[in-house]
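S.K.: Residues or ranges marked as phosphothreonine by Swiss-Prot on the basis of similarity to another entry: T73, T91, T212. Residues or ranges marked as phosphoserine in Swiss-Prot (evidence: similarity to another entry): S76, S87, S90, S96, S110, S120, S242, S613. Summarising the annotation, Swiss-Prot assigns SUMO2 cross-link to K119 and lists similarity to another entry as the type of evidence. Per Swiss-Prot, coiled coil is recorded for 125-198, 226-404, 442-616. Annotation comment: Swiss-Prot describes 373-396 as region 'Disordered'.
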Amino acid sequence: MSASSSGGSPRFPSCGKNGVTSLTQKKVLRAPCGAPSVTVTKSHKRGMKGDTVNVRRSVRVKTKNPPRCLEITPPSSEKLVSVMRLSDLSTEDDDSGHCKMNRYDKKIDSLMNAVGCLKSEVKMQKGERQMAKRFLEERKEELEEVAHELAETEHENTVLRHNIERMKEEKDYTILQKKHLQQEKECLMSKLVEAEMDGAAAAKQVMALKDTIGKLKTEKQMTCTDINTLARQKELLLQKLSTFEETNRTLRDLLREQHCKEDSERLMEQQGALLKRLAEADSEKARLLLLLQDKDKEVEELLQEIQCEKAQAKTASELSKSMESMRGHLQAQLRSKEAENSRLCMQIKNLERSGNQHKAEVEAIMEQLKELKQKGDRDKESLKKAIRAQKERAEKSEEYAEQLHVQLADKDLYVAEALSTLESWRSRYNQVVKDKGDLELEIIVLNDRVTDLVNQQQTLEEKMREDRDSLVERLHRQTAEYSAFKLENERLKASFAPMEDKLNQAHLEVQQLKASVKNYEGMIDNYKSQVMKTRLEADEVAAQLERCDKENKILKDEMNKEIEAARRQFQSQLADLQQLPDILKITEAKLAECQDQLQGYERKNIDLTAIISDLRSRVRDWQKGSHELTRAGARIPR
């Protein structure tokens, strides 16, 4: 805050981009860091006696410890003001500032709503992660049960292998038995042929015996030859029957042995079929073990992918936290800019009031000038009529009047210089307003970037949610496939072509997931580049604040130079006016006022140093905020 003047021209400080202290009518400003408050009153006084014109401005500084606040009172309407037109000031900036503030409030509300939505989505993601963890634990339990069943089937398979080895040994032994059985079959066939021949002979003998018995029945007389033939046929029949019985007995024995051998052969064939089935079961078991290993690998890959998703969710939450911190920082900047805007509006209103007061004081001074000129003319005429003897004194007074006219011309030049300085300060004020507009545009751009980052985070979360849903669906599918594999393992039926196709599809999906992970890494790199850009912008703002600090120092030096020039000028005027006894009292009063003004300037310098220290502390706070931004950008994982 600056209220210094040189020759009646008001001086305004260049406003920094972090904060601007304003001059308001009876406004209380809290001093930073617990410093005692200071009350500043501004008054402008212009007095003239005869043909002299003097433009002065006094700044009175009073310290008040009890309220500990900075109180600024406006100048009185009876004192001198600087020349400022009301047409130069308008309330359009105030209206536009209020509109922008409303827009910023709406944007902040939308950002708060977006952050609330993000928090709710993060909670939903946490619940989904817990559900996924429970689902994975259930799947792990099922896998453990399947592993236990596989261990039992392996034990059964080992027992079957031992039995198969024994059967193979018995098979080697039965090859010789088969050869022996072949020989026995040939022998049996020959025995069967003999038995058939014996049976045919016995049948013929029985037929012959029947014929002879029939003949005997018809003849009813038996000769010795008939008796002999009957005896012979009977003996032959008995022999044939005995041989037939022997062959039949041997044939039955052979048939019994053959049936036993056939039963043993059937058992061997059944054993061979069982061996084949066991071999097929072993091959199927090996295939199922390979498939189980592949499924275990896929489950591990899915767990790794879930861990990657968790890491991505953590990075997304960290990004949301950094965005919240950035949003808070931007809100603080926005509030500081709003306060700065309100201070500038109050300062403009105070300047309008001071301009009106200055106009009134200028008119009063012009009337005093006219009255003083008329009075001087009357005094001259009275002096010419009353005191003709004092010509030398009159000549001296005329010379002094000429000097006063010269001084009046100098004062007019001084007033013109004050007007030029006022114009320069007005241009600086316009530049400050322009810089403020640039800062507001930068804030709008930063808000747009924040919204873009929020949108990108939402798209990332949607993609992650879709990938997680696809992973859960794949887990369901794989569990269903695993149950199908379990049933096929129990039934020992093989057709694994569709499973191989599904495995190929799973590999393709894994490759697609890897590609999506690469895309996520690229998006994270983009976020890092955006954080670097914001860091560079923060550095630029810090550099602008440093430039503002330098400008404040330059203004302080210029103000000190102007104070010294005013002091010298008033001292020279005092030396000139001491020669005149009539205006001695006026010059003494002016000297006292000049001394008060010098003291006010010195106190103003103290206030300016306090303001500069405040600005430096704000610059440090800004640098701390930029360092926090850099730390937040460094926290983002690569």
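Each Cβ is built from the backbone N, Cα and C atoms, and glycine gets one as well.
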S.K.: Return only the integer: C-alpha distance in Å from K119 (SUMO2 cross-link) to S613 (phosphoserine).
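M.R.: Spelling it out, the Cα of K119 (SUMO2 cross-link) and the Cα of S613 (phosphoserine) are 41 Å apart.
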S.K.: May I ask for the distance between S242 (phosphoserine) and T212 (phosphothreonine), taken between their Cα atoms and rounded to an integer number of Å?
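M.R.: Computed Cα spacing between S242 (phosphoserine) and T212 (phosphothreonine) is 21 Å.
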S.K.: Of these modified residues, S110, S120, T212, which scores lowest on Cβ atoms within 10 Å?
M.R.: S120
S.K.: On a C-alpha basis, identify the one among S110, S120, S613 that is nearest to T212 (phosphothreonine); the candidates are the modified residues.
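M.R.: Among S110, S120, S613, S120.
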S.K.: Any idea what the Cα distance is from S110 (phosphoserine) over to S120 (phosphoserine), rounded to a whole Å?
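M.R.: So the Cα of S120 (phosphoserine) lies 15 Å away from that of S110 (phosphoserine).
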S.K.: For K119 (SUMO2 cross-link), list the number of other Cβ atoms lying within 10 Å of its Cβ atom.
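M.R.: Cβ-Cβ neighbours of K119 (SUMO2 cross-link) within 10 Å number 13.
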S.K.: Averaging the per-residue pLDDT over the coiled coil (442-616), what integer do you get?
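M.R.: That region's mean pLDDT is 71.
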S.K.: Roughly how many Å lie between the Cα atoms of S613 (phosphoserine) and S120 (phosphoserine), rounded to a whole value?
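M.R.: So the alpha carbons of S613 (phosphoserine) and S120 (phosphoserine) sit roughly 44 Å from each other.
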